[in-house]
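Trainee: I have a structure I would like to understand better, so I am pasting it below and will then ask my questions one at a time.
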Amino acid sequence: MDVSVIGSGYVGTTLAACLADLGHDVVAVDIDEDIVTRLNEGEAPIHEPGLQPLLDAYTGSRLRATTDYDAVPETDLTFVTVQTPSREDGSIDISAVEAACRDVGESIAEKDEYHLVVVKSTVIPGMTEEVLAPAIEAASGKTEGEGFGLAVNPEFQAQGSAVQDFMEPDKLVLGTDGDDRALDLLANCYEPLVVDWDPPVVETGRREAAMIKYANNVFLASKISLINELGNVCKEYGVDSYEVADAMGLDDRIGAAFLRSGAGWGGSCFPKDTAALMAAARERDYEPELLGQVVAVNDRQPLRMIELLERHVDPSGERIAVLGAAFKPGTDDTRGTRSRPAIEGLLERGATPVLYDPTEAAASLASEFDGVEVADSAADALEDASGAIVMTDWPEFSELDAAFDAMADPVVVDGRRIIARREGLMYEGLTW
Ligand SMILES: NC(=O)c1ccc[n+]([C@@H]2O[C@H](COP(=O)([O-])OP(=O)(O)OC[C@H]3O[C@@H](n4cnc5c(N)ncnc54)[C@H](O)[C@@H]3O)[C@@H](O)[C@H]2O)c1
Ligand SMILES: O=c1ccn([C@@H]2O[C@H](COP(=O)(O)OP(=O)(O)O[C@H]3O[C@H](CO)[C@@H](O)[C@H](O)[C@H]3O)[C@@H](O)[C@H]2O)c(=O)[nH]1
């Protein structure tokens with residue numbers, strides 16, 4: 001099939017490369033000329049394992065990029081994957097999705113055949129029907145369901161495993177409200193993947209599809225906040241919460257995944273999607289009490305780390321190593337990282353945070369503050385530090401050993417249960 005993908009960020013680039021791998025001819029459309037140039041040179045605009053080999057294999061053959069929406073009508077269907085950032089009140093700003101849909105609409109105005117538009121960006125239920133459909137109708141002069149179709153097909157890939165998550169998904173969610181033409185095109189597009197991997201395919205309404213995405217993410221965020229709450233209580237009673245979580249995970253009704261307690265959840269999606277669902281609930285006069293607490297527990301975890309540090313050292317005027325800036329290992333993304341509130345807490349106490357991350361994330365996060373030093377290695381960050389807080393579970397942190405001996409005061413607060421050495425340290429696990 002011929003497929004266009006609007007937006008070449010985390011989701012769009014992975015989607016475009018994976019669709020090419022499934023055998024489709026793919027054109028990626030982005031308004032950012034730099035991204036388009038890099039893609040056409042076969043260079044991944046984002047850091048994602050497994051992506052570069054796909055670009056190497058398909059750039060210039062089954063995969064090309066452009067800033068020009070004229071490529072859209074030559075394709076059978078268009079995925080929209082542009083960003084949906086948070087507004088001040090937590091609700092999402094869908095202006096970029098709306099603008100993309102308008103441009104898609106304009107581009108298909110002269111097209112004779114039916115064209116399918118698929119919303120992959122995360123949007124609140126109803127927005128597709130109430131905002132995006134009218135935008136495409138106005139720009140194309142066509143009627144939804146006749147000249148074009150509009151489906152919702154949320155994406156569940158996680159950063160760092162996006163290619164594998166796309167190729168081996170737990171489920172495909174196709175929200176079409178029973179539009180046969182839309183369903184047929186989407187089913188054809190995913191057919192090679194279904195043949196290879198055979199995931200459950202959920203055919204549902206567009207509102208349900210949109211809600212499934214939010215429900216998935218807030219459930220996972222809640223699961224982490226609950227295990228963090230339990231972990232905090234475990235710590236007070238001298239109970240090893242990881243042993244508790246491992247045993248809980250053996251119960252099929254609970255499941256072992258997402259039970260690692262610690263510094264909390266960050267990233268580009270959990271914070272944004274939790275806030276968006278809460279704002280959407282309030283919009284309909286429903287106060288989402290539980291979600292409020294899920295966020296409150298998450299906000300508290302980095303500050304609890306500093307309180308634990310303060311049990312052993314007064315951070316005022318001291319160098320404190322901060323290990324990890326990315327929101328999780330395997331990425332250089334600092335969106336929603338728990339290191340940010342931890343750094344704020346240290347600065348408020350008059351400490352000098354010395355930040356290390358194996359990626360560019362350290363320089364990028366440090367540039368948001370005055371008074372944060374960036375170290376070239378974990379050992380450099382630890383040297384002469386009067387304490388250390390471990391924010392990201394980068395595997396290299398588990399191997400740290402002699403570097404701790406160079407600390408002025410070997411106080412280590414581990415927010416991810418990643419430090420193997422305990423001997424000779426004043427070691428505090430956050431939830432154990
Ligand atoms: N990042 C993830 O892992 C992930 C996973 C699942 C779902 N999502 C959702 O997918 C959506 C996209 O997220 P992302 O992280 O890929 O965003 P991103 O910011 O990385 O990428 C968005 C891209 O869209 C481009 N763009 C903006 N307006 C455009 C327009 N009018 N025409 C063409 N291109 C345009 C931007 O230049 C950018 O390259 C969001 O709704 C997000 O919640 C993200
Ligand atoms: O047991 C756990 C698991 C995760 N985390 C933290 O949770 C956050 C999110 O992790 P993860 O879900 O692996 O990363 P994302 O790339 O943000 O992926 C989530 O957000 C995406 C965007 O919506 C979805 O598509 C994915 O399904 C969903 O997992 C990170 O800060 C992790 O450190 C924990 O604290 N404990």
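Positions of Cβ are set from backbone N, Cα and C atoms, glycine also.
TrEMBL labels come from automatic prediction, so no person has curated them.
Small disclaimer: the values here were computed from a predicted structure and weren't measured.
Features from TrEMBL:
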- Cys269: active site, nucleophile (ACT_SITE)
- Asp30, Thr84, Thr122, Lys272, Arg335: NAD(+) binding site (BINDING)
- Lys213, Phe258, Leu259, Arg260, Ser261, Gly262, Gly266, Lys328: substrate binding site (BINDING)
- 321-421: domain 'UDP-glucose/GDP-mannose dehydrogenase C-terminal' (DOMAIN)
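Are these features on the surface or tucked inside, and what touches them?
Mentor: Cβ-based neighbour count (10 Å, all protein chains) for Cys269 (active site, nucleophile) stands at 26.
Arg335 (NAD(+) binding site) falls within neither a helix nor a strand when secondary structure is assigned with DSSP, and so counts as coil.
In the three-state DSSP reading, Ser261 (substrate binding site) counts as coil. The Cβ of Ser261 (substrate binding site) has 28 neighbouring Cβ atoms from other residues within 10 Å, across all protein chains displayed.
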Trainee: Can you check which residue among the binding-site residues Gly262, Gly266 has the largest number of Cβ atoms within 10 Å of its own?
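Mentor: Selected residue: Gly262.
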Trainee: Can you tell which of Thr84, Thr122 has the most other C-beta atoms within 10 Å, given these are the binding-site residues?
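Mentor: The residue with the densest Cβ neighbourhood is Thr122.
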Trainee: For the binding-site residues listed here, Lys213, Lys272, Arg335, which shows the highest count of neighbouring CB atoms within 10 A?
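Mentor: Answer returned by the neighbour count: Lys213.
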Trainee: What binding-site residues in Asp30, Lys213, Arg260, Ser261 place CB under 6 Å from ligand 2?
Mentor: Arg260
Trainee: Would you mind sorting out which of Asp30, Thr122, Ser261, Gly262, Lys328, Arg335 (the binding-site residues) have a C-alpha within 10 A of the one on Cys269 (active site, nucleophile)?
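Mentor: If one measures from the Cα of Cys269 (active site, nucleophile), the binding-site residues that come within 10 Å are Thr122, Arg335.
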